[in-house]
């Protein structure tokens, strides 16, 4: 067990993944410092940096693709096609591991900062702000660290069960159709709203926040939602 852990740590170090722990820690630290600055000096660069590495949609697409090609292996008996499909599966699994581990280690870096801030804060003030975030980021750290294993294990079990059926090709084909349907339907469920970006003067942004006591984004969104389309000429 200890040897396996050492092997994983060496692998993560060689892949440069340990650096993402430092990135998560430092970005969170600078985000907290940034929040203490006057509004005209505040920047969202550190938050945007973290989010740019957390490719959740990409992971979802890769996981669906891996299941799709695994079912293709179950269906086809052509040696050449099976060989190509297996190589694609290996590459997909590698990409899922990279994406998952990046998110996981970023969350671990944020987790470490929250632990440090909670311990320091507990000595001076009695609040559990960072204590809640310790739990919030410990869970995704564990989840995304185990995500590639769970996907691979799930596919292995699914393929084994399918091959036990006399008409396993039909079942695999049905799963492929379900994957295609999921790839079309799921994004449409979560994509009912159109995202828009607007540029606003920082002074005006701060003034709206001070007067309304809510984030200007929410205030503007409410104003847009209150618009009667029939009144627009």
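Any Cβ shown, glycine's included, is placed from N, Cα and C.
Unlike curated records, TrEMBL annotations are generated automatically.
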Legend entry - Which range of 129-151, 198-220 is transmembrane segment, per TrEMBL: 129-151
Legend entry - Chain residues in Cβ proximity to the transmembrane segment (96-123) (below 8 Å; excluding those fewer than six residues from its ends, i.e. six or more beyond): 12, 15, 17-18, 20-29, 32, 50, 53-56, 58-59, 62-63, 66, 129-131, 133-134, 137-138, 140-145, 147-148, 151
